[in-house]
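Inspection log for the structure reproduced underneath, given as structure tokens.
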Amino acid sequence: MSGRGAGGFPLPPLSPGGGAVAAALGAPPPPAGPGMLPGPALRGPGPAGGVGGPGAAAFRPMGPAGPAAQYQRPGMSPGNRMPMAGLQVGPPAGSPFGAAAPLRPGMPPTMMDPFRKRLLVPQAQPPMPAQRRGLKRRKMADKVLPQRIRELVPESQAYMDLLAFERKLDQTIARKRMEIQEAIKKPLTQKRKLRIYISNTFSPSKAEGDSAGTAGTPGGTPAGDKVASWELRVEGKLLDDPSKQKRKFSSFFKSLVIELDKELYGPDNHLVEWHRMPTTQETDGFQVKRPGDLNVKCTLLLMLDHQPPQYKLDPRLARLLGVHTQTRAAIMQALWLYIKHNQLQDGHEREYINCNRYFRQIFSCGRLRFSEIPMKLAGLLQHPDPIVINHVISVDPNDQKKTACYDIDVEVDDPLKAQMSNFLASTTNQQEIASLDVKIHETIESINQLKTQRDFMLSFSTDPQDFIQEWLRSQRRDLKIITDVIGNPEEERRAAFYHQPWAQEAVGRHIFAKVQQRRQELEQVLGIRLT
């Protein structure tokens, strides 16, 4: 451990006979040599008055308070002494990481200006790289180029024109998207032709073992003979169907009833019915097989499966509105148009409708509310009429016309509806647009940075001296903001501010810290430990 003089400067190792080391270690000091201070003067006033304590070297105040401190350098005669007068120097009063130590003797207890204290704000953890990138993208500037850049680069006007066109295009696409969303909510159908094929085959009776296939005798058949029977097929398909996926025939109907001749098959076996159930599997056709060798008259009742459901109006209301079979929403719309056209809405109480003579006959009242119309209308709606087809099942082998074709109108989903749904559900274009927007934002940000660098260099080349001074003032302001040091510029510009007691102590601390730093550097270079 090196010796330390009264001024606080670290000293090289003294000779074995020196008394500074002993005084620093708390040993009894050697007799004072010529020109040296007496031994008791090296001891501090103790815990009550100084920074030193038992076993620690004391520091005497210098300057007007006492004689100038002197220390002896190695290799110098005792008579050659170097006085150290002026500022107080020495180690800081206590460890910077420990409790505050009392002030050195002769110094009034002053406190540091609270405005110069650094506020310790808890530092938040830095965001992750992915979060930082996302935050940066959210805080990016708009895609519009600043006016200064547009004035500097006239060619950038083409980019601004494209940006204006893109804005109009985005508005148009957004409006069309909303229109598509509204259109999908409504039933979007188109009428197509469904061709129904009704055919039948006849299997004559055969005797068992008859390989020639001749018919049995009219008088009767043996016990092992095969009974004559016929089979009816009902199939169909859409005409000019552009879709690749063919729709099943049964999916067009809600129910199918085949009514056979009641006189031939009796009251219990003359009806063949099929009704759609939640668990029904779609099929391409229907087959009915019955025994018999006579021509049979049959009636086919086909009930279409309308989506949304359609209803048949009361004949009186149908003639009045001009609507026979339609959806509930279409019927309500036609009814409102009739009320509006004939001015049946009450002029004062707008929720009431004044019935004319036709409405009085249909609704059996002279006045009704709007809210009562759905309830009144429910009793006037019926299920739509089924499609009726009369067909004769022929068992004559010479009859070549055993297949009949019937065309009916059906409503199918418009292919455009599927394209609309795919357009709304597709996110490929949105992802591509978002990626391009990110690139545009990054490019604009890079352009702004380059513009800032250009202005920096241009200002420096125009007037280097004023630029450097202004830049230093800016850096000083930024440094105060970064280090959280808030000072008073008006006080700091005056010399009296730096003659306060805290300034002398701060200088001593600073010099001591610098000496310690240089000492550590010297030890590292020499590879030794100075003791």
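Each residue, glycine too, has its Cβ placed from N, Cα and C.
What Swiss-Prot records for this protein:
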{"type": "CROSSLNK", "residues": "LYS226", "note": "SUMO2 cross-link"}
{"type": "DOMAIN", "residues": "306-383", "note": "domain 'SWIB/MDM2'"}
{"type": "MOD_RES", "residues": "ARG81", "note": "asymmetric dimethylarginine"}
{"type": "MOD_RES", "residues": "ARG104", "note": "asymmetric dimethylarginine"}
{"type": "MOD_RES", "residues": "SER203", "note": "phosphoserine"}
{"type": "MOD_RES", "residues": "THR217", "note": "phosphothreonine"}
{"type": "REGION", "residues": "205-226", "note": "region 'Disordered'"}
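On the backbone, the CA of the residue listed as 'SUMO2 cross-link' and the CA of SER203 (phosphoserine) stand 9 Å apart.
Mean pLDDT for the domain 'SWIB/MDM2' (306-383) in this predicted model: 90. Summarising the environment of LYS226 (SUMO2 cross-link), the number of other Cβ atoms within 10 Å of its Cβ, over all protein chains shown, is 14. Other C-beta atoms found within 10 angstroms of the C-beta of the residue listed as 'phosphoserine' number 15, with every protein chain shown included.
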